[in-house]
């Protein structure tokens, strides 16, 4: 008796330790780049990555008593601006714990991502065991595949999409609620129903995209189940509802109250829930080929994707946010499962029959609705008739959510398969391997951004709000790189405002205030635009923060600044070749420096004068990685050298003063002691010694 009673607990303890070990392994594999570079380079980028941290810092400020929950310290003086982006509430709760432990903001943000992934792992494991009755080993496989999801990895620059991890947890809570309803267990019904309502409301305030996809999917599942249970089942449901009206009413009250914050920000305040033009959404609706678009660096299928991009004109494979497809083996196995269920080739246990058929039907319906054929898509019905459907711009993100039911169906199908054991084991290994992607995703230079947003002295006492001048990373005047004039100074202002507890009129989001006009900070009229905004909103105590010199100005001078006096576009093939040495031929984006030295000779225009001029080089720092930086030493007419060091791939500006010149003749010398070939750095087969790509050179 004693031995028999201990056996289940031993198995349970063993399962717990195995699950913990596998969770650590798969989360470590998913975040391997960050761990291997010791958090020097993180997921995200110079733009959205900083916005993400600013939002989480806002929640930290709220929980520590510095801020109102729905009004971050940017877009001042507008209230309720939280709704201009995804709210990130649950992320903010976790982030606050790390910040209270004195962990720096960018590192804390990445740790939040790891915790979210872990929640998804254990949520899937529990849901697969409880809802699909999968054996432990199969549920563990599903949790590992879901956590490693290739599309989740490819879209990690939008970390809010990791919140798809809440889907298995929410599904399990709804399942337990329905089980308690039919069993007429009132207290259990209220407990799980209230937990489901609270999590859903918090999820809606965290990421509308993933919560909305889950809602639509769940409604389809429930509709299918209502059809499947027939009249006897409907009568049983009616009786259960009547018998449990009190706990159901209590759940409704809890849900309504919990959703009030979301409604006040996103429904009454607009923001990301606003209707978008259909033409804007159509571009981001995936094609049939995008449904398995796993990116060109996928471990198993990257080469095939490269071949399709190069040789298949009809494929219409997207890039960037459309690289979110399901991996091919997962897609095929899930499809075979759906087919087998509908053809009744597999015996589905009665305990999970309606749930499994509902999941299969909803997966197929959402998949078909989300596909675009030319300019036609069934998503138009969602856009027109489903509340909130018109506010979701990137429909391709639906595949990040569909990874949940697709993984469940694929693993359940394998668990019921009559195939030989070796075949099943091979498929399991391939299912895991195809989730691995070799694409570098750690493009956020943590040290650089800490340097950009810290070390700023306290603002003068008379400052009630502030605006920023150009960031060292601002790139103005380049139509091919619009984000360079919009993001750097605005996103830095957002984070600095949260760190300094001082509101800023700057900011950038999915939606901006109607009279926001703070792009192009180096254009002559930038300060005049700031002045017009300050006057319109009657702002007193508006100070200026110089992001380059990290200095405050309590009394800004609102006057037009200098203008461009000369400009040379290095994308032009007609640029005088005699004036350029050490550069490659022109490409659509500019020219590579070739070798360890490059020169540019030019004559200043007569109207430029000879004093107080500034030279600006607009370039791309692409020949860098975690282990290789680039030094650029610049001198004018044999004068002293200025050194610039680039440690991350980005657009950048190099600025230096021009010395007084008697004849207007200028020779610009650029030395690159760390030039390397793309082949040396493992980028491609190019053997040229490259350092930076130069887009333009100008005189101001």
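Glycine is treated like the rest: Cβ placed from N, Cα and C.
Please treat TrEMBL annotations as automatic predictions, because they have not gone through curation.
Among the features that TrEMBL reports, transmembrane segment is placed at 14-31, 131-149, 161-182, 211-228, 248-269, 281-303, 324-342, 354-373, 394-413.
The transmembrane segment (211-228) shares the most Cβ pairs under 8 Å with 161-182, out of the stretches 14-31, 131-149, 161-182, 248-269, 394-413. Residues of the same chain lying 6 or more positions beyond the ends of the transmembrane segment (131-149) and with a Cβ under 8 Å from any Cβ of it are 15, 18-19, 22-23, 26-27, 29-30, 117, 120-122, 124-125, 168, 171-172, 175, 330, 349, 351-352, 355-356, 400, 403-404, 407-408, 410-412, 414-415, 428, 431-432, 435-436. Using the rule of three or more Cβ pairs under 8 Å, pairs at least 6 apart in sequence, the transmembrane segment (324-342) is in contact with the transmembrane segment (394-413). For the transmembrane segment (394-413), the residues of the chain that approach it from at least six positions outside its boundaries are 124, 127-128, 132, 134, 138-139, 141-142, 145-146, 149, 151-152, 155, 161, 164, 167-168, 171, 209-210, 213-214, 217, 281, 284-286, 290-291, 318, 321-322, 324-326, 330-331, 333-334, 336-338, 340, 346, 356, 359-360, 362-363, 366-367, 370, 379, 431, judged by C-beta separation under 8 angstroms. For the transmembrane segment (161-182), same-chain residues at least 6 beyond its ends with a Cβ under 8 Å from one of its own Cβ atoms are 90-91, 113, 116-117, 119-121, 123-124, 126-128, 130-131, 146, 152, 155, 188-189, 191-193, 195-196, 199-200, 203, 206-207, 209-211, 213-214, 218, 236-237, 240-241, 244, 248, 251, 355, 397, 400-401, 403-404. Residues of the same chain lying 6 or more positions beyond the ends of the transmembrane segment (14-31) and with a Cβ under 8 Å from any Cβ of it are 43, 110, 113-114, 117-118, 121-122, 125, 136, 140, 143-144, 147-148, 152-153, 436.
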